[in-house]
């Protein structure tokens, strides 16, 4: 068991190395643009420009530049933003991680629980009015843009009905540290969680329903019926269990992408200083060190999520282990 | 061409120690890259006009061998000769003239026909690719082929799903014989068909062989069908041939213990009470070709195996005229 | 009689019209008897047995007639009551062992699941029973096999596991739907041997569905030949093979190439192919392919006579 894990870790490192090289090349080796000028920002003085050039090694070969960049991100951690002078990039990224993780993790719990519920109920009551209603709601959830849902939520809970008994508990926008105030953390995130999870509940509920209905056609379901099992047991222990394999793949990819910054719209709408918001701001001001760091961070999460999916796969599908 | 004109005993197809290895997994998988010997050291000759039956159970390599014979797979060891000419390593372009004369019919007629195309087009396709016929000549040829395989001329505009399994296999056969091949490799051509339809296709194949002077390599797991169509048969086990000989002789008195078990296992309709044949039931499963047994590959399941069988692998040797057996203790 | 089926009809509503899969099938099965059901695809052999098992779940299916198990009517029985019989008193073995087991559970788990669905015993006791069952179906190493997943077993071993599962509650009636079709002949021989042995030890009645005349003649006490949803001939194995009455049975037997003796230059083939169940002829369904057809054959459907050996044919004198 140890050897495959080590091999998988080595693969992850290799993939991250590849991503870092590609991102580095895109931003620092694009011909026709002086990376030093971009890092230093507009209207930089020649002295600053020279300092940048020297500190990033732009006067030296590409591989040295790459090595210096990696050193600044991973070893010394002293990469500084040149747009917001003196702002250390690495601590900024580290600070925003708990925000994004809190947001995505909570939303993931919601969407897993509710999509399984919806998928199973819809599959069990296939073609009934309940199934049709659930699927229509799912489609509605998919088609509502998350920033719109977020704004509507804010409108309702922050201003229009804030003073009614229904929404008076909603704290002002922004993030509260879990360690400072667990209850405040929870309350601040409830509405962002719901907002972010609506889309995924729709997608996952529909995907799961289709997967369950497909596996209900399999021969082993007929065997399960021939064994005299109850329909509930057949649905949960046989059909749902085998359908979860597709579900987990999808989940791993989405979770990785969200933690890696795709929750950006939700973060912006609810004023959460997460990784998505950070990347978004960095892109707006072309803050290359910040972009480099956030992209490295995002790729790390996507790769880790993929590896976790692979391991869960082994747990869910014994066929993977031997082949 | 020269071989044809000599008209001698030169076999139309010959394999010399032919082998096919597949590699499984990648260097990164837990067991690393492994080689599977799907076909191992097969030496066969096929004479013009005969039918060679290839029998064996799933995983014995008969379908892999069939695909090697028409060069659908690249051959990894040994040689393949067509009319004396070595075509083992010929490039795609170099194979073109042989492709026309070397055709294949597959097991599942519905899987091997493109469902979106009319069957007339499917049969015309090889004519367009290989032939120098005009559009009108191709149409006439397709109708002629349909007639040969027992389909009606107005069937050409239909789609594969409009046919029954038997008719689809007729389309597959028409396609295979469109270019007047010399040799047709038939891979389980009747296995997917209903019993009442199998006999029609078997008869059709026999008629075509007579009319078109075809040579067949006929692969099937149904032994009675193979016996019906073949002049000679070769029995395969775990990638190698264990017995080869005239079909009549092998069926009435198999010499290899595996052939004996295989033939005895075929359920036949017995009408006389007590006339049941003695059945040899093999213990265990066919071993994995990834990890074949030492010595004779059949020895762990062989009822007459001795100590020598585990050590020494028997070669396929001719014991009587035309009868070859790979066994240390053949009953011949 | 353990099973008694009377005038069973199963039809399916489809977009193209009504498909009559089974059209008036009646048969009886005595305790400990092996009944062979022979037919080609579309003959209704599988559908009729799925009806007996109550496993036709298609909402477009219409089931009529009577299926009595130990005198109890199964047609119209509530699903919850039928479920108590299934797997417990009536068990089934399916055609393809590759897909008949849930891929994500060990075979020990799956067999124990069935036992615990019908008996109040502890997990450990169920597992012990599983081990005995696997030993009974000749698993070389039953204890180790329990923790194997289906994909880790060969086709023959998987079918043995399925058989062990079917036997787990000592059913009085075992329905086997082409259990050896997907297997190699040497493996098939072992499975047929096992079915014979188990019939002797468990005294279960067996309905064995197959398209292979050879398999039937090796195993069955009585045989029933089906064509296009109807029984065309019924009789003891001896009668049916030595003295077949129906032209279809004869033609089918004749079209099998012999394994010994002289081989015919051409096989006596049956022309055409089985009819579409959507457009069955008005008369005898076999008439269009029949060598001895005459006028009455196109006018009405011949009835299956009474008696132990009978054929549904106008030409054949009823014995």
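Cβ atoms here come from the backbone N, Cα and C positions, even for glycine.
The domain 'ABC transmembrane type-1' annotation in TrEMBL covers A:97-313.
As annotated by TrEMBL, transmembrane segment applies to A:12-30 (among others).
Residues or ranges marked as transmembrane segment in TrEMBL: A:97-121 (among others).
TrEMBL lists A:133-150 (among others) with the feature transmembrane segment. Cβ atoms under 8 Å from those of the transmembrane segment (A:133-150) belong to residues 118, 121-122, 192, 195-196, 198-199, 201-203, 205-206, 209, 265-266, 268-270 of the same chain, restricted to positions at least 6 beyond its ends.
The list of residues near the transmembrane segment (A:185-207) in space but at least 6 beyond its ends in sequence, with Cβ under 8 angstroms from a Cβ of it, reads 102-104, 106-108, 110-112, 114-116, 118-119, 122, 134-135, 137-142, 144, 146, 149-150, 153-154, 157, 169-171, 174-178, 246-247, 250-251, 254, 258, 263, 266, 269-270, 272. As annotated by TrEMBL, transmembrane segment applies to A:185-207 (among others).
Residues or ranges marked as transmembrane segment in TrEMBL: A:244-270 (among others).
Residues 8-9, 12, 15-16, 19-20, 23-24, 27, 69, 73, 79, 81, 83, 89-90, 92-93, 97, 241, 244-245, 248-249, 251-253, 255-257, 259-261, 275, 278-279, 281-283 of the same chain lie 6+ residues outside the transmembrane segment (A:290-316) yet bring a C-beta within less than 8 angstroms of a C-beta in it. TrEMBL lists A:290-316 (among others) with the feature transmembrane segment.
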Folded-back contacts onto the transmembrane segment (A:97-121), same chain, C-beta under 8 angstroms, at least six residues removed: 130-131, 134, 137-138, 175, 177-178, 185, 189, 192-194, 196-197, 200-201, 203-209, 211-212, 235-236, 240, 243, 247, 251, 255, 258-259, 261, 263, 266-267, 272-276, 297
Positions whose Cβ lies under 8 angstroms from the transmembrane segment (A:244-270), at least six residues beyond its ends: 99-101, 103-104, 107-108, 112, 116, 145-147, 150-151, 154, 173-174, 191-192, 195-196, 200, 203-204, 207-208, 211, 276-280, 294, 297-299, 301-306, 308-309, 312-313, 316-317
